[in-house]
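Engineer: Before I ask anything, let me first share the structure, which is written out below as structure tokens.
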Amino acid sequence: MTEQLQMTRRTMLAGAALAGAVAPLLHTAQAHAAGAAAAAGAAPVDISTLPRVKVDLVKPPFVHAHDQVAKTGPRVVEFTMTIEEKKLVIDREGTEIHAMTFNGSVPGPLMVVHENDYVELRLINPDTNTLLHNIDFHAATGALGGGALTQVNPGEETTLRFKATKPGVFVYHCAPEGMVPWHVTSGMNGAIMVLPRDGLKDEKGQPLTYDKIYYVGEQDFYVPKDEAGNYKKYETPGEAYEDAVKAMRTLTPTHIVFNGAVGALTGDHALTAAVGERVLVVHSQANRDTRPHLIGGHGDYVWATGKFRNPPDLDQETWLIPGGTAGAAFYTFRQPGVYAYVNHNLIEAFELGAAGHFKVTGEWNDDLMTSVVKPASM
């Protein structure tokens, strides 16, 4: 039996054991919830009576069309994501990994719903893949965030539904028992935004409306090296597993990047805006702390831990997003030019790749900044 098949079988067996352990707990929890609802006089929701909408997800940094304020009552929002194991080049030198992805991108797509909507996800693991996968939504309640109910082997699919009860931005990620770090640091994570039904609010409770939204997924990679210090390449994910674990245990990333690769949000792929545009940036890091900073700008309104029931912090220079969290920052651009958006651990930004650009068009405002004396010889 090859190392790859041994590893795959081990993953499947672990997943089966986990499902067996969780099932009795899940049955007990469901019975308790039903009893509590009956005692409180709350009628169970008849899902069949709710309107349904199908959403086509888009590749980050872009986000699918959505209403900022809910126009109806709660509804069932249907998504489909296909798991894709693929080779991915993560820097300009051609360093290659076996990425594990939701819908083929690192990060996976940003999903947007409103508070008290029902998220219904069809999760597909094609038979072209080699590993068991699942999904853990930090926005969900119960069954390991859905991870215990969504374990799919290659050639299988499943559908999960959960109620989005907490407004905010939240991480989701793959979480197969015993291999969670490997899957997450191979790119298998993303975010979901649960908007308040009446939209975002400032610290005084006044509406905040954005003109554009971008999703930045920060990813730490741990690429094994050979004895000469060169990055290794592997034919299959299973072949890389033991070396990948050794690299992860150093707790020292070889790359920390935005949206899957060094430079993925720079140059022709830079994020764009215009002076006066209000931009919301959702930023997630499923594994490590990060410190977003917009060089030349600020966070006018910031939810660093991403939870919209809390009033935003104002006028932030840098904000801390803990590992395993998504945050959100709202900024109105006031000057044209190129802005660097970075993780302000500057080693991680400039040496490891955690940086992107905003290209902003418009008229320069001398009142905000001007060159009084141009650089010249003394």
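Glycine is no exception: its Cβ is also placed from the backbone N, Cα and C atoms.
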Engineer: Pick the one from His98, His173, His183 that Swiss-Prot also lists for the Cu cation 2 site with His138, His344.
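Structural biologist: My reading of Swiss-Prot gives His173 as the candidate in that site.
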Engineer: If one measures from the C-alpha of His344 (Cu cation 2 binding site) to the C-alpha of Met188 (Cu cation 1 binding site), what distance in angstrom results, rounded to a whole number?
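Structural biologist: About 24 Å separates the two Cα atoms.
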Engineer: So which one is it: of the binding-site residues His133, His138, His173, His183, His344, which has the fewest other Cβ atoms within 10 Å?
Structural biologist: His344
Engineer: Between the binding-site residues His133, His183, Met188, which lies closest to His173 (Cu cation 2 binding site), Cα to Cα?
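Structural biologist: Comparing Cα positions, the closest of these binding-site residues turns out to be Met188.
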Engineer: Where Met188 (Cu cation 1 binding site) and His138 (Cu cation 2 binding site) are concerned, what is their Cα separation in Å, rounded?
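Structural biologist: The Cα atom of Met188 (Cu cation 1 binding site) is 14 Å away from the Cα atom of His138 (Cu cation 2 binding site).
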Engineer: Which residues does Cys174 (Cu cation 1 binding site) neighbour through Cβ under 8 Å, counting only same-chain ones at least six apart?
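Structural biologist: Residues satisfying the criterion: Ile83, Met100, Phe102, His133, Asn134, Ile135, Asp136, Val180, His183, Val184, Met188, Asn189.
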